[in-house]
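J.: Quick one: the structure is below, and I'll ask about it shortly.
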Amino acid sequence: MLVDEDDKLNDDKMRNIAKKLWIIGFFFLPWVWLINILFFFPHRKQLSTDVFWYLKYSLIGFFVYSTIFMTWMGIYLVNRNNWGASGDNISIVIPYGY
Amino acid sequence: MINHQENDSPPDTLSGSHQVSNILDTTTTTTTTTANNETNNNNNILDENNCKTNNNNNNINETDSDNTNITNSNTNTNNNNDNTIPHHEITINNETAEDNNNTNNNNNNNNNNQDDYSDSSDSSEDSLHYERECNSFIYISPSRAKLENGSSPNQPVFITTPNSSTPSLSSSFSFMSGAGGMKSTNRNNDHSENSKNYDVDFGVLEYGHEGELPSIKEYSKAMVSIALPVSISMAIVISAVRLSEEARNFKSVSPLIQYDVREDPATQTLVWGTIINSLILVGIIFLSSVIMFALYYFKFMKALYGWLMATSILLLGVFGGFLFILLMTYANVGLDYFTFSFIVWNFSAGGMVCLFWFCPQYLTRAYLVSISSLMAIFISRMPEWSTWSILTIVSLYDIFTVLSPGGPLKKLIDLAKERGDEIPALVYNGSVSIGMASSKNNTTPTTKTTTNDDTMSDTSSNSSSSSSSSSSSSSSNIQKSTSSSSISTGLSTEPSDTPMEVNYSTKIQLGLGDLVFYSVLLGRAALYDLGTIFACFVAILTGLFITLILLIVYKKAIPALPISIFIGILFFFSTSKLICPFLVFLGENQVFI
């Protein structure tokens, strides 16, 4: 909405978009990095090297954040019971039964 | 409300007036367009006469296309730059461009067209955009097509993409298009970087009459494009409401509810309480529409977008987070603060990117549907009679605000139409483009129809036309008021054509408010048995289809709520109070009828 949907993408604009989305992604936003990749995926054969650089590191960053996140989620879900009260303190939803 | 707008753009002016039309598109007011139509009509005749010659030029260009392409591409880019010319220069550009149309631009366009073919044969990724737009329902007249094509298609011929023999109903509708027929064209979409304005100067298209209805296929595509998001959001709301047993108990009521009339009040309290509740909600909607109109009228665009973004991120974050906790509670899975905040932060911030900036279109649509269903889930947590009264009064308000001359939404739409803008609000764009055409002269069977729905919307060619309605410019957007409280729908149909391939781009815009209140009705029905749910589901879709028929007939913005809500309420009570007890009775007594 903030952009004209009519806009045509040229190299400068593509680089601008990729760079901004890449920067936004550093704020713990791997989903935005994934959006960056998904947005440029149909244009993957016409990307300039700059854009490709941003996309590559977006992908890497996405996997890094996702790995950290998944690891934490696994640790939490497995060990919450063992942590006792401290485990309950960081919980929003405490499952019944176990 | 649903809006349907006609572009004056005639398909006829194949020529370079297309660039002119782009200029008009973005900036015209109604007065300028009507004035231009008269001049353009004269050009139509010229264009029709020039069609043959243009074809000849095309053949010539095939031979020596190498040299000419360079120059033509330069001129073409210059023409594209004209799109950014501010408003007051339009008329000047018109004249100059029109002078150039019949001579230079035709040749240029032909050459560019040949470039398209070569490119398309190389890679399917090149999305070629034939961005001509014309009246929404265009038919190639068989006689004219016969002249141009050498073959007489009595029926429109689907253009096939080079890689697939299936009809290319090219659409950028990758997300919602469940239809398999659209699969082949998904790769064509997108914000194509190299979407130049290719104008093929070739056949003459004739508009249908003003009242001419679209063919079944077009109509059904438009149906699908709107019915899918409605169905999806209703399904989400139904499942969410049925998941949360809390909704039955109404532990927490919406803060907008003044009178809590859940437990068996006296009749007087029931009636007045529900009416006052619904009047409060309608008042809020009216107020937000007025504020939005004021912001837009005085061009406080940053405040407007800031408001929209704030409400969107709040809706996604708060309601989405609440629903997420609800789902995790239902699934009985532990959830810690870190995971929760990470997921909700990603969801809502990604929603900002997808709703307001560049993003794949299917993600935008997914977020629009999710916003409306989240809103509906939390509006539907109201006492029963308040829900019915709110639905009724909001429907009546929708009629007022869309159709009456003083309605804020109508004024907003008209203002945006004058400015040639797209109305800044959250509107679901369902657009379907249908390539209908006859291939020309048997040459280059690889005509790729690509429509970028996004690009189409704004590029409407206003140029010449014998167009049926003298309606104003272009980008018919409708829209509806906004974010959470908005109720409206806008529908616009925009057509686009390319001479070679006629692209119908039927653009239908449905305001998110309509999605919300459809879903509210279903969310209320979800508390009852399955028969009631399906009856209401079918009733809502039926009302939506009736509204679409009215849209096509009247060709202006139409409120989408009243018919659907009326039929939905009717079917809800008849099913839940009559049919279901009757069926239960029959089942219990082993009566077979």
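Positions of Cβ are set from backbone N, Cα and C atoms, glycine also.
Note: TrEMBL annotation is automatic and uncurated.
Pulled the feature table from TrEMBL, pasting it below:
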type: REGION; residues: B:31-129; note: region 'Disordered'
type: COMPBIAS; residues: B:31-84; note: compositional bias 'Low complexity'
type: COMPBIAS; residues: B:93-115; note: compositional bias 'Low complexity'
type: COMPBIAS; residues: B:116-125; note: compositional bias 'Acidic residues'
type: TRANSMEM; residues: B:270-298; note: transmembrane segment
type: TRANSMEM; residues: B:305-331; note: transmembrane segment
type: TRANSMEM; residues: B:337-359; note: transmembrane segment
type: TRANSMEM; residues: B:366-382; note: transmembrane segment
type: TRANSMEM; residues: B:388-409; note: transmembrane segment
type: REGION; residues: B:439-498; note: region 'Disordered'
type: COMPBIAS; residues: B:439-493; note: compositional bias 'Low complexity'
type: TRANSMEM; residues: B:532-553; note: transmembrane segment
type: TRANSMEM; residues: B:565-586; note: transmembrane segment
J.: If you count every Cβ pair below 8 Å, which range out of B:305-331, B:337-359, B:366-382, B:532-553, B:565-586 shares the most with the transmembrane segment (B:388-409)?
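T.: The stretch I would name here is B:565-586.
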J.: Which listed range (B:305-331, B:366-382, B:532-553) shows the maximal number of Cβ pairs under 8 Å with respect to the transmembrane segment (B:337-359)?
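T.: If we count Cβ pairs closer than 8 Å to the transmembrane segment (B:337-359), B:305-331 scores highest.
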J.: In the same chain, who gets a Cβ under 8 Å from the transmembrane segment (B:305-331) while lying at least 6 residues past its ends?
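T.: Tertiary neighbours of the transmembrane segment (B:305-331) are 240, 243-244, 246, 291-292, 295, 340, 343-345, 347-349, 351-352, 355-356, 367, 370-371, 374-375, 377-378, 424-426, 482-484.
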